[in-house]
């Protein structure tokens, strides 16, 4: 910031105070802020007293993952270690604050501004502290719900935790990149990974695009002048969203049953079409999945686009009408660009959602039908494969490694998308 | 410069905290994460023991538990938890956290895995306690020379038939096949079996000469797999025929197939069905007039060598009172309490002296299961067995759908099993 | 004249499409309602229009001796309402901070969490489970509520922040000049104006516990603590074909209340999503 200018100040109170704060509170005493200093000292001491055990066991466990089988449980130690890291991070935050505070107070002395009154300090605290106060509860929750699991997965992917290496009888070891290497080195794993990966991409792209197209189409259709019963129809169109997805998917699983499902025995029969092997043929299962996801996913797009359409001023269309534009031309040059402009970020989140859409894959056919010679079913996407690897096959290390590979991809796409987003540029954030 | 200073100070501080961590102080034994320490014979009496019983089966031991409490003055808490998957999953994490049970119940095919993971403890019981059980059931719960549980129930698939459609059980599969061809018409089915599930298909494969792991003087060798030998392929062809002829509908293939099949049979739309003794309760509720018999003779003149499963009572390795837990297991699995349990929840105990007991001998289901058990073979209990189920189910499904020829499908399944065993259990 | 014919053709086609789409939407719904009224138990015997419709499956769900459906329903409602209330409060506070204050972490904080949340956490379920066992929160509803709230925060704060931005800053500036404190500005000036987006978020929060069956299945272990999703899933997972009609009845009973809430909030849904989502 304005360090250069600061260095020209004659006295060096700010630096002395900062160095003295290596011992928490030291700088504050030097600045004659005894109450504050006492606060930092006491906090620091109690921090160590309270968390001594956690740090001791936590960091030791994190490094060694245990030494005596049956007595040390590597996974518990790993969890404890992560908690220790998180607690330490909070400690560091406080410690940094302690140094920073001493530095700032010292600077005021250097600038000969005098000590702020208690009242002033209080006002200051409230003004700058208010937003922190409001976000702190949420932040704490996020640390445990979002950050903690991610640290665990990252660490897990470098361990030997699998079906044959399970505590307590065995200790888990750090194995570096072994899991990552093996996914690409072992034939079976490589084959499975690429076949699942390919289908994941196809699935994400096709299913999402179709659901977006249907949503936009229906919204535009219903927004035409002269269409009656708009409210009723809109209500019907929202229904698939209003029914919990897991229920609908299970219902679809019953409807698509080869022998007893209503699709084969009633609908296709009505049109004189032979029964289709929905559940046992990979291609038909995939088609069914895409149809189901379209059914489930279009209402959200429909609702959003309807909102956008209602906000388009009529004059735009009037102008187009004067120019003698056809319906299609109007859609192409007025409606569609506005929809895209307004809702592109949300539309793109639909792609990341489907990339990780576990429910529909798992509940419809459990990733089946099987394909020979690989570790996953033919309709498995990466996320459902990861589920099977952890919850059914106990391949924790590899599942974590695949999770991270997958995340790398999703996150890259997401960041790229957010960077392009208008809102960000407007705020000059990136 | 100020920024760099902060960073430096903060890092130094962090490093010092990490470096002082030197692990648990073992001498004082202050913080043992798990594993009971005291195993003295004169163990102190616990206040309370926790038992995990199988779903819907706790009522079968109520009497025995009450008597145990009376006798020893130890309170016993019984919780019901589904046995096949959840007990193992939860013991895995509840054990070390100290909230696990003292006594639990497991199917024997998990014993190898769970024991080598160190979750259950070998039982130290007198020979005369072990002697009351059939030899094969004790084999089933023995892993690497140690007995890890006392047998609670034995089960194996048998033939259920609906008396409305069949007067008596057919003697041979050929008969059943012919009957099925007449009877099956799209609404009704002559005979149904889940032969896309290896648990049920094994009976056929084994009779034709297939095997999972080679048995070398009582120990199984996971490096020799017999699931794609000539016999296994012939058996798979036989299985495929049932599907090809349209006798088994597509709708019972796959994971949801079992319950669909059960539904059909309970509605009276199936004449005969291969199922385990656990199906009895549902059939009684549905009011089906059914008979039970051992599996018929296969076309090659052999009987189906079905998988025999033994459920046992086990002691958690995390229990602090292993001696008392063992005492409780012995109590629960003794003749008297086993008989009572059979009468309440129909679990057939593999106790030699009870097989001729009128209560069991005159029960048609128990009788059929007893005969079939003698023809069957125990499921392998080594941990490598975990790698067999998935690939075999995949292969059998492909065979059932007709997407792959039996030989090709089985070859590929064995390849996957072998790779997984090498990757996971090699080294 | 030709304009009129064109309009008639266009509208006819429109109605035709609407009809077909409605049929596709309604068929599964009618089918499941029909299944739930079937006298039989299994999937194989269920008909769209049952010959002799019966309410037995509903009755058996409501019979406490036969099923714990009602208990699950209670549990779910408790979890839903708690999740909803906590989420709305936290998000209102967070979105307000993010839209009105400058502070460390404002720039990238929300974004970071939004992106981190895309990492699937199946592999970490074990860690969450251990944490739950150690803290004694396993098998409690509090744990689930906390996890749901945490999961809902980033995306919905993002949505709400977008909506908060549409409210002119002049409003709070003039209030500040009048001497209103931080909290008063938030409470009596901003809050009444952002009701639509809070309604949308309340709805999202409310339905989350209804739809999650994985986390709840792993973290709840005694049947009397189950949520509807877990209970119903367990019922089908073990007995899909054989107890299908009972499942259908359970599904209908879940869908009706959620559907009603959804439809009654339709108006907010459109306005809230549009400005929240697009300005975000």
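Every residue gets a Cβ built from N, Cα and C, even glycine.
These figures come from a predicted structure and were not determined experimentally.
Sequence-distant contacts of the transmembrane segment (A:38-63) (same chain, six or more residues past either end, CB-CB distance under 8 Å): 21, 23-25, 28, 72, 74, 76-78, 80-85, 87-88, 91, 94-95, 98, 101. According to TrEMBL, the transmembrane segment annotation covers A:38-63 (among others).
What TrEMBL records for A:75-100 (among others) is transmembrane segment. Distant neighbours of the transmembrane segment (A:75-100): 18, 21-22, 24-25, 27-28, 40, 43-44, 47, 51, 54-55, 57-59, 61-62, 64-66, 143, 147-148, 151-152, 155-156, 159, 161, 167, 172; these residues of the same chain sit at least 6 beyond its ends, with a Cβ under 8 Å from one of its Cβ atoms.
Under the heading transmembrane segment, TrEMBL lists A:132-158 (among others).
Using a Cβ-Cβ cut-off under 8 Å and counting only residues 6 or more beyond its ends in the same chain, the transmembrane segment (A:196-223) has close neighbours at 230, 233-234, 237, 286, 289-290, 293-294, 296-302, 304-306, 309-310, 331, 335-336, 339, 347, 350-351, 353-355, 357, 376, 378-382, 385. Here TrEMBL flags A:196-223 (among others) as transmembrane segment.
Annotation source TrEMBL lists domain 'ABC transmembrane type-1' at A:197-417.
Here TrEMBL flags A:235-256 (among others) as transmembrane segment.
Listed as Cβ neighbours of the transmembrane segment (A:287-312) (distance under 8 Å, sequence separation of 6 or more from its ends, same chain) are residues 203, 206-208, 210-212, 214-216, 218-220, 222-223, 234, 237-242, 245, 248-249, 252, 256, 278, 334-335, 338-339, 342-343, 346-347, 350, 354, 357, 360-361, 364-365, 379. Per TrEMBL, the feature transmembrane segment maps to A:287-312 (among others).
Per TrEMBL, transmembrane segment is recorded for A:333-353 (among others).
The annotation transmembrane segment is assigned in TrEMBL to A:399-418 (among others).
Residues of the same chain lying 6 or more positions beyond the ends of the transmembrane segment (A:132-158) and with a Cβ under 8 Å from any Cβ of it are 78-79, 82-83, 85-86, 174-177, 179-180, 396-397, 400-401, 403-404. Below 8 angstroms of C-beta separation, residues 153-154, 156-157, 179-180, 183, 193, 345, 348, 351-352, 355-356, 382-383, 385-386, 389-390, 424, 430 of the same chain, each at least six residues beyond the ends of the transmembrane segment (A:399-418), sit close to that stretch. Beyond its flanks by at least six residues, the transmembrane segment (A:333-353) meets 204-205, 208, 211-212, 216, 220, 297, 300-301, 304-305, 308-309, 311-312, 316-317, 320, 325, 410, 413-414, 417-418, 421-423 of its own chain at Cβ-Cβ distances under 8 Å.
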